[in-house]
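Q: A single structure is presented below for examination.
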Amino acid sequence: MTEAAELPPAPEQAREVFGDRFADAVRYAELLAEAGVQRGLIGPREVPRLWERHLLNCAVLSEVVPEGVTVCDVGSGAGLPGIPLALVREDLKITLLEPLLRRTNFLTEVVELLGLDHVTVIRGRAEEVMGKIPPVHVVTARAVAPLDRLATWGIPLLRPYGEMLALKGDTAEEELKSAATALSKLGAVETSVLHVGEGVVDPLSTVVRVEVGESPGGVRFAAKRAKAARTGRTRRRR
């Protein structure tokens with residue numbers, strides 16, 4: 001049996017980033033280190049670096065999220081980046097989208113315990129909920145899938161002229177080049193690689209931004225979205 005790793009104290013940067021929600025950030029870190037490890041949501045080797053590699057790495061995504069928008073965190077897992085983002089940005093309306101029950105149970109417990117009234121947890125896959133939940137301004141994701149595959153799930157959930165923000169690693173530029181054709185077919189009009197978290201995390205967090213035009217997901221997904229919307233209206237009339 002592997003001995004449980006100990007959660008280190010929060011770094012000073014965490015107090016600055018999370019502000020009034022610092023105590024909640026500490027509680028979330030404790031939940032990840034305890035229940036998260038016990039339920040297999042996060043590896044025990046990640047516990048010593050929870051703050052730098054996970055909570056702060058995700059929280060600094062807020063630097064590139066517009067004010068007062070709706071956000072869907074696709075494949076939210078244990079709540080990364082959705083929960084840290086929610087802790088630092090109460091102006092956002094955030095949906096945590098996750099297909100696995102054990103993960104959505106954990107997310108629901110965290111949301112209720114921390115009093116995150118601006119966060120909703122939905123169990124499901126992105127391709128299943130398209131047309132069933134309102135399109136959002138921003139889709140976020142971290143460690144879900146290669147960019148081309150992630151885009152086929154995330155971009156169709158966007159409103160016209162929305163954007164997908166994917167936390168990536170050193171291969172961000174390569175992934176973006178490899179996914180160029182797929183992104184274009186999905187309605188992307190602008191892409192970029194951003195580095196955020198100056199003075200908070202080292203190395204900086206890398207974000208791939210994909211901005212879409214009038215038809216997120218392209219023609220094929222526009223038709224699918226319209227069909228899902230019509231089906232929803234029919235069911236409501238019944």
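Start at 1 and count along the chain as shown; that gives each residue its number.
Positions of Cβ are set from backbone N, Cα and C atoms, glycine also.
Checked Swiss-Prot, it gives:
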- G75, L80, A126, E127, R142: S-adenosyl-L-methionine binding site (BINDING)
Q: Tell me the coarse DSSP state (helix, strand, coil) of L80 (S-adenosyl-L-methionine binding site).
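A: The residue in question, L80 (S-adenosyl-L-methionine binding site), is coil (DSSP, three-state).
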Q: Out of G75, L80, A126, E127, R142, which of the binding-site residues has the smallest number of neighbouring Cβ atoms within 10 Å?
A: E127
Q: Check the DSSP secondary structure of E127 (S-adenosyl-L-methionine binding site), expressed as helix, strand or coil.
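A: Its secondary structure by DSSP: helix.
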Q: If you measure every Cα to Cα pair among G75, L80, A126, E127, R142, the residues listed for S-adenosyl-L-methionine, what is the largest value in Å?
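A: The span, Cα to Cα at its widest, is 20 Å.
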